[in-house]
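Step one of this worksheet: look at the structure below.
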Amino acid sequence: MSQYVIAIDQGTTSSRAIIFDHDGNIVSTGQLEHEQIFPKAGWVEHNATEIWNNTREVIGTALSKANLTRHDIAAVGITNQRETAVVWDKTTGEPVYNAIVWQDTRTQSIVDELAVGGGVERFKDKVGLPLATYFSGTKIKWILDNVDGARERAAAGDLLFGNTDSWVTWNLTGGVDGGVHITDVTNASRTMFMDLATLSWDQEILDAFGVPASMLPTIKSSSEVYGTVHTSQLLREVPVAGILGDQQAATFGQAAFNTGEAKNTYGTGCFLIFNTGEEIVHSKNGLLTTVGYKLGDAPTHYALEGSIAVAGSLIQWLRDTLGMISSAPEVEELAASVEDNGGVYIVPAFSGLFAPYWRSDARGAIVGMTRYVNRNHIARAALEATAFQTREVLDAVNADSGVPLTELKVDGGMVANDALMQFQADILGVPVIRPKVTETTALGAAYAAGLAVGFWNDLGELSSNWAEDKRWEPAMEEDERARQLRLWKKAVTKSMDWVDEDVR
């Protein structure tokens with residue numbers, strides 16, 4: 001009997017393959033980073049072919065490290081950076097343009113055009129999302145409008161669209177030789193095109209965007225057998241049986257299956273998801289309404305989400321662009337060497353402000369600078385920015401739900417940073433809890449795939465795998481917490497109203 005499940009985690013900065021055992025423990029991993037392409041200010045792209053090649057390679061790495069073969073693997077699960085759009089030729093398998101990444105802001109003029117007459121909430125009742133550069137829909141329209149011949153080829157039925165889950169699945173299951181063109185409900189809910197109530201593509205919205213329905217993948221549940229692997233000999237005939245967008249996957253991996261449970265993932269961006277059960281809840285406080293998960297024919301679970309565009313990528317910017325640090329862990333050392341931020345606040349609105357503001361006219365700002373400030377203060381302010389943004393999202397969740405969260409489960413790469421987690425607890429005023437397995441995104445995809453093939457029997461079995469690793473209790477006085485929040489909110493206002501006709 002196969003004793004393991006493999007998860008493919010196609011993320012913003014890298015592609016990984018992680019093998020899990022029945023207890024949810026990591027057996028082995030493979031990881032490769034891909035190039036971040038910045039052709040112009042506000043533009044962010046990935047090479048989709050590089051992503052697929054890396055995916056094949058990391059599968060081999062993970063299997064060889066554990067000395068396993070395809071016969072040991074019960075199923076493949078896939079999780080992915082959501083909203084990142086790939087358009088490719090179904091006959092050649094070649095992308096017609098680079099993947100346009102979720103952080104990319106080039107489509108603001110398309111957003112403005114579509115908002116005429118109905119505002120940015122024109123489609124929100126159906127899809128749960130405001131018009132924004134963040135989601136896939138405007139990216140597809142941009143490719144059709146700007147790549148020579150793309151619109152004509154799409155109209156002829158020659159082009160396919162997918163977020164990177166669809167791109168990886170299509171290639172994994174055969175590509176041009178019968179690859180399965182599908183997506184799951186969680187990824188579909190991030191396109192601007194799926195009706196949350198019917199879980200189907202909305203033709204009226206597609207017509208408004210000018211996107212042919214023939215390009216779109218078939219919408220499936222998050223946990224069912226979609227097909228089997230054909231293009232990788234290493235996993236040949238292994239069922240591909242689970243797909244979840246990365247933030248929904250992390251929620252699933254945290255075993256937040258029930259109404260009122262939540263998690264916050266600290267990665268390139270920061271994403272808090274609050275499970276609303278089988279009810280579609282429309283936020284009045286700047287949150288997104290999205291699909292949480294759907295297991296086979298079981299009822300759909302929905303969620304509220306607070307999306308923060310920049311978290312770990314702010315640390316990358318300090319390292320790779322400014323050269324202020326040599327490695328990400330160095331930030332914790334620098335931040336710990338000073339008692340406070342020296343009066344400095346960094347608002348990392350590189351792609352505008354996401355939740356709860358949704359201000360596309362905002363841009364990054366560093367405020368409160370004096371000659372006293374050194375790079376240690378900057379490092380501390382960079383970490384604190386993530387915690388402050390999370391506090392604002394949590395306030396919105398509490399306002400929408402009417403039941404304040406009493407603790408916050410966390411995961412993602414940044415949760416290894418003890419200083420950040422302590423400050424997060426301090427600024428939230430509630431305990432912050434890290435699980436033993438922090439690779440919850442990949443684990444969630446593995447769980448979805450394993451459930452579909454009977455590797456795990458039910459959600460109760462998955463819940464028993466979850467275990468607490470560390471807990472941070474708030475230690476900040478309430479008066480100081482309130483003062484810090486007032487200063488943060490003041491700093492946020494300084495980032496707004498920047499983009500106008502003079503800014504290119």
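Keep in mind that glycine also has a Cβ here, set from the backbone N, Cα and C atoms.
The ADP binding site feature in Swiss-Prot is assigned to THR12, ARG16, THR268, GLY312, GLY413, ASN417. Around THR268 (ADP binding site), taking its Cβ as the centre, 26 other Cβ atoms fall within 10 Å, counting all chains. The DSSP secondary structure for THR268 (ADP binding site) is coil.
Taken from Swiss-Prot, the feature sn-glycerol 3-phosphate binding site applies to THR12, ARG82, GLU83, TYR134, ASP246. ASP246 (sn-glycerol 3-phosphate binding site) falls within a helical segment according to DSSP. Taking the Cβ of ASP246 (sn-glycerol 3-phosphate binding site) as centre and 10 Å as the limit, one finds 30 other Cβ atoms among all the protein chains shown.
Taken from Swiss-Prot, the feature ATP binding site applies to THR12, THR13, SER14, THR268, GLY312, GLN316, GLY413.
The glycerol binding site annotation in Swiss-Prot covers ARG82, GLU83, TYR134, ASP246, GLN247.
The binding-site residues THR12, SER14, GLN247, GLN316 differ in how many other CB atoms lie within 10 Å of their CB, and the one with the most is GLN247. For ARG16 (ADP binding site), the spatially nearest entry among the binding-site residues TYR134, GLN247, GLN316 is GLN247, judged by CA separation. The two recorded residues, TYR134 (sn-glycerol 3-phosphate binding site) and GLY312 (ADP binding site), show a Cα separation of 18 Å.
Packing around ASN417 (ADP binding site) is summarised by its Cβ count: 21 other Cβ atoms lie within 10 angstroms of its Cβ, all protein chains included.
Following the DSSP three-state reduction, the secondary structure of GLY312 (ADP binding site) is helix. As a whole number, the greatest separation of Cα atoms within the ADP-binding residue list THR12, ARG16, THR268, GLY312, GLY413, ASN417 is 21 Å. Within the same chain, the residues at least 6 positions away from ARG82 (sn-glycerol 3-phosphate binding site) whose Cβ sits under 8 Å from its Cβ are TRP102, ASN163, THR186, ASN187, ARG190, GLY245, ASP246, GLN247, listed in sequence order. Annotation note: THR13 (ATP binding site) sits in a coil segment as assigned by DSSP.
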